[in-house]
Amino acid sequence: MENDVKVAEKVEEADRLLPPQSLPSNSDEEEPESESEAEAAFESRDKIVIVDFESAGDPAAVPPFSWRKLWLFTGPGFLMSIAFLDPGNLEGDLQAGAIAGYSLLWLLMWATAMGLLIQMLSARVGVATGRHLAELCRDEYPTWARYLLWSMAELALIGADIQEVIGSAIAIQILSRGVLPLWAGVVITASDCFLFLFLENYGVRKLEAVFAVLIATMGLSFAWMFGETKPSGKELMIGILLPRLSSKTIRQAVGVVGCVIMPHNVFLHSALVQSRQIDPKRKSRVQEALNYYLIESSVALFISFMINLFVTTVFAKGFYGTEKANNIGLVNAGQYLQEKFGGGLLPILYIWGIGLLAAGQSSTITGTYAGQFIMGGFLNLRLKKWMRAVITRSCAIVPTMIVAIVFNTSEASLDVLNEWLNVLQSVQIPFALLPLLTLVSKEEVMGDFKIGPILQRIAWTVAALVMIINGYLLLDFFVSEVNGFMFGVTVCVWTTAYVAFIVYLISHSNFIPSPWSSSSSIELPKRVTVSNS
C-alpha cells in the first residue's frame with residue numbers, strides 16, 4: 001500500500017513537471033491562429049502568390065527583372081494613386097489653373113515627386129515588416145498617444161470622404177441634368193460600400209481591375225477635355241520647366257502641395273502592399289518587392305500627374321485672367337466649361353461629369369478600404385471585413401448626409417465647407433508623416449531595411465516642408481476666418497495642444513535627441529535581421 005502511494009506521488013509529480021502533451025488539432029483549437037490571421041491586412045488565401053518565372057540562381061541575390069512578375073506586383077500603387085485624383089485635388093487643380101494659369105505646373109510635378117517618396121516609405125514599412133502602419137503605431141506608442149493618433153486618422157478620413165462623396169454627388173447631379181438633388185447623389189455614392197464588399201469577395205485582382213477602369217475613365221475624360229480646349233503647348237512646357245511663384249498665387253501653390261499628402265493614404269499603402277505573398281525574412285525577396293513597387297508606383301503617379309495637368313491646363317486656358325477665375329469651384333466648374341467651350345460630339349459638361357464621377361467613386365471606395373485598416377490596426381479589432389466596412393462607411397456617411405442637406409443652399413456655402421475640410425485634413429498630416437518617419441528609421445522595426453542617414457534627412461526635409469506649407473495655409477485661413485474673442489481663445493488653446501503633440505511625436509522619433517523621448521518611448525523587441533537566402 002505504501003509503495004502504491006509512492007508510485008502515485010511520483011506520477012503526480014511527473015505530470016506536474018512535464019509539459020502537457022498536445023492533442024491532435026481540430027478546428028476549435030486552431031482559433032488563435034485564425035484570430036491572428038483575421039488581424040492581418042489580408043488573409044493568406046487572399047494574397048497573390050509571386051511565381052518565379054526564371055530559373056533559380058543565387059538565392060541571396062535579387063532575381064532579375066521580369067515583365068510577368070512586374071504584372072503580378074502591379075495594383076497597390078494604382079489604388080494608392082487615386083488619393084492624388086480625388087475631387088478635392090481636382091478642385092485644387094482647377095482653381096490653380098484659373099487663378100495662376102500655367103505658372104504652378106512645376107510645383108505640381110515636384111509635389112507629385114514628394115508624394116512618391118512618402119508613399120514608397122509607407123510601402124517599405126509594409127513589405128519589410130509584414131505589418132501595416134496602424135498596427136505598428138499600436139505597438140510603438142503609449143495608449144493615450146495611440147488613441148489620439150487613431151482619432152486624428154479617423155477625422156482626416158471623414159473629411160476626405162465628405163469631399164469625395166460630395167464630388168460624386170455633384171457629378172451625378174450634372175449627369176442627371178439636375179433631376180437628382182445633392183442628397184440623392186450622396187445616398188447613391190454611399191452604396192459603393194456594398195459594391196466594395198461584393199468585389200472583395202472575388203479577390204484582390206478583380207478589385208484592382210475595377211480601379212484600373214475608373215482611372216482609365218478619368219484619364220480619357222480629362223484628356224478629351226484637353227484635346228477639345230487646346231491649351232498652349234509652349235506655356236505648358238514653360239510652366240513645367242521654369243519655377244515661378246508670386247504673392248498673388250501663394251495660396252494656390254500651398255493648395256497644390258497640401259493636396260498631395262493625404263493622411264489616410266499613408267496608412268493605406270502600407271497595407272495594400274501586403275496583398276502579395278512575400279517572405280519578409282528573405283532579404284532578396286523583400287528587396288525585389290520594393291523594386292517592383294517603386295516601378296509600378298512611379299507609373300501610377302505619373303498617370304495621376306498627367307490627369308492633374310490636364311485639368312489645370314484646361315482651366316488655365318479657359319479662365320486665367322477672367323472675372324470668373326476667383327469664383328470657380330467644383331460646383332459650377334462644369335457649367336463654366338459649357339459656357340466657355342460648348343460641346344462637339346459630346347458636350348464638355350458631361351465629359352467633366354463623367355471624369356468627376358469616376359474620381360469620386362474610386363476615392364470613396366479606397367476611403368472605405370483605408371478605414372478598415374486604420375480602425376483594425378489601431379484598435380486591434382477582430383471583426384469580419386463586412387462589419388468593419390459598414391462601420392467605417394457609417395462613420396463618414398452620417399456627417400456627409402448632414403452636410404449635403406445643410407450646405408446645399410448655395411455654391412458659396414459648399415466652397416466654404418470645402419475650405420474647412422481642407423483645413424481639417426491639413427492639420428492631420430503630421431500625425432501620419434511623423435509616425436511613418438519614426439518607424440522607417442528604426443532598426444528594431446525595419447531590420448536591414450531601415451533607411452540610411454541620407455534618405456532619412458531627405459525624408460524629414462520633405463515632411464518638414466509639407467508641414468510648414470500646410471501651417472501657412474492654416475495660419476492664412478484662421479487669420480481670415482477667426483472672429484470673436486471666445487472663438488479666438490478656443491483656437492489658441494487648441495493650437496497649443498496641437499503643437500505640443502507634434503513636439504512629442506518628433507521627440508519620440510529620436511531624430512532630434514531629447515530626454516523626453518527616452519522616457520516616453522516604448523522599447524520594442526529588436527527585429528531579427530533578415531537572411532540573405
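Each Cβ is built from the backbone N, Cα and C atoms, and glycine gets one as well.
What TrEMBL says about a protein is an automatic prediction, not a curated fact.
When the ranges 41-62, 129-150, 327-348, 349-370 are checked against TrEMBL, the one recorded as transmembrane segment is 349-370. Taking every recorded stretch in 180-198, 253-272, 349-370, 485-506 and counting its Cβ pairs under 8 Å to the transmembrane segment (210-227), the highest total belongs to 349-370. Below 8 A, the CB atoms of the transmembrane segment (458-479) and the transmembrane segment (180-198) form no more than two pairs separated by six or more positions in the chain, fewer than 3 in all.
Taking residue pairs at least 6 apart in sequence, the transmembrane segment (349-370) and the transmembrane segment (180-198) share three or more C-beta contacts under 8 angstroms. Taking residue pairs at least 6 apart in sequence, the transmembrane segment (349-370) and the transmembrane segment (105-127) share fewer than three C-beta contacts under 8 angstroms. Under 8 Å from some Cβ of the transmembrane segment (293-316) lie the Cβ atoms of residues 70, 73-78, 80-82, 84-85, 89-90, 93-98, 100-102, 104-105, 108-109, 112, 115-116, 119-120, 123, 127, 215, 218-219, 222-223, 225-226, 229, 231, 235-236, 273, 328, 333, 337, all in the same chain and six or more residues away from its ends.
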